[in-house]
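Here is what TrEMBL records for this protein:
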type	residues	note
ACT_SITE	His132	active site, proton donor
BINDING	Arg87, Met113, Arg114, Leu115, Leu116, Asn130	(6R)-10-formyltetrahydrofolate binding site
DOMAIN	27-205	domain 'Formyl transferase N-terminal'
SITE	Asp168	site 'Raises pKa of active site His'
Amino acid sequence: MTPRRAGTTKPIRLSRVINPTDRAPARLVVLASGTGSLLRALIAATTDAGYPAEVVAVGVDRTCAATGHADAAGVPWFTVAPGDYARRADWDRALTAAVRGYHPDLVVTAGFMRLLGPAFLGEYQGRIVNSHPALLPSFPGAHGVADALAYGVKITGATVHLVDEGVDTGPILAQEAVPVHPDDDEATLHERIKVVERRLLADVVAAVVRHGVVSDGRKARISW
Ligand SMILES: Nc1nc2c(c(=O)[nH]1)N[C@@H](CN(C=O)c1ccc(C(=O)N[C@@H](CCC(=O)O)C(=O)O)cc1)CN2
Ligand SMILES: NCC(=O)N[C@@H]1O[C@H](COP(=O)([O-])[O-])[C@@H](O)[C@H]1O
């Protein structure tokens, strides 16, 4: 049965890509590469009464401050660094195996600066949520804030999306606009975006866990 939205002629073929998690709390593995303020905010959100998920592990690809937030919260962490592997595919498989060991319901990439490969996507695609500091499809990639600033946009924002094999091309779950101020530099603009990301990511993760996601592969929506 493919639900037909009012006003459309072509049925949208939706398939449920994430079911509401019947295991409470849902198990989150968070991947990070940097200062980890999104991780810290997500960990804080999980301590709120009724939040439907917990961070069971943090994975990093390099030495970074994110592991300090994991330690402070008593969350185990692990490092899988590309430089420790002869081939990218070996790293991809090693990261997949490390994450598998924590049996996640959902993987969250929060400032994780590596592209997940076929092995990881083969196991977790549809259950990987990423936060990006721009309004996709504008300004994808590792430098979204700098690129938006250089372009001269007046409005940018944050995007939370499912991760696929492309670079920030996965189905979008939520977005929120953030104004660019005339005197902004990359750091001031990025921090203004991160304030939004820290809330939006936690809210979207909770909604995905509670309600699941349906998608036709290009579009996704949380099935409230
Ligand atoms: N398969 C995917 N993996 C990841 C995605 C994605 O959309 N598809 N999103 C990223 C996070 N991200 C943007 O939100 C992102 C991070 C890094 C890069 C990138 O080009 N990385 C380079 C190396 C960068 C570096 O560490 O020097 C690379 O991996 O070769 C693009 C987008 C999480 N993973
Ligand atoms: N394309 C990936 C990317 O740019 N991710 C971005 O890294 C920052 C991590 O902040 P944090 O280290 O303070 O959590 C966040 O703004 C996140 O969107």
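Even glycines carry a Cβ here, placed using N, Cα and C.
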To the nearest whole angstrom, state the Cα distance for the pair Leu115 ((6R)-10-formyltetrahydrofolate binding site) and His132 (active site, proton donor).
13
Under DSSP, is Arg114 ((6R)-10-formyltetrahydrofolate binding site) part of a helix or a strand, or is it coil?
coil
Cα separation, Asp168 (site 'Raises pKa of active site His') to Asn130 ((6R)-10-formyltetrahydrofolate binding site) (Å, whole number):
8
Counting only other Cβ atoms and using a 10 Å cut-off, which of the recorded positions Arg87, Leu116, Asp168 scores lowest?
Arg87
Please report the distance from the Cα of the residue listed as 'active site, proton donor' to the Cα of Asp168 (site 'Raises pKa of active site His'), rounded to the nearest angstrom.
8
Please check each of the recorded positions Leu115, Leu116, His132 and report the ones with a CB atom less than 6 Å from an atom of ligand 2, ordered along the sequence.
His132
Look up the residue listed as 'active site, proton donor' in the DSSP assignment and reduce it to helix, strand or coil.
strand
When neighbour density is defined as the number of other C-beta atoms within 10 angstroms of a residue's C-beta, which of the binding-site residues Met113, Leu115 has the lowest density?
Met113
When you measure from the Cβ of Arg114 ((6R)-10-formyltetrahydrofolate binding site), which residues in the chain that are at least 6 apart have a Cβ under 8 Å away?
Ser33, Asp61, Pro82
Considering the recorded positions Asn130, His132, which residue's Cβ sits among the greatest number of other Cβ atoms within 10 Å?
His132
What whole-number Å value do you get for the CA-CA distance of Asp168 (site 'Raises pKa of active site His') and Leu116 ((6R)-10-formyltetrahydrofolate binding site)?
11
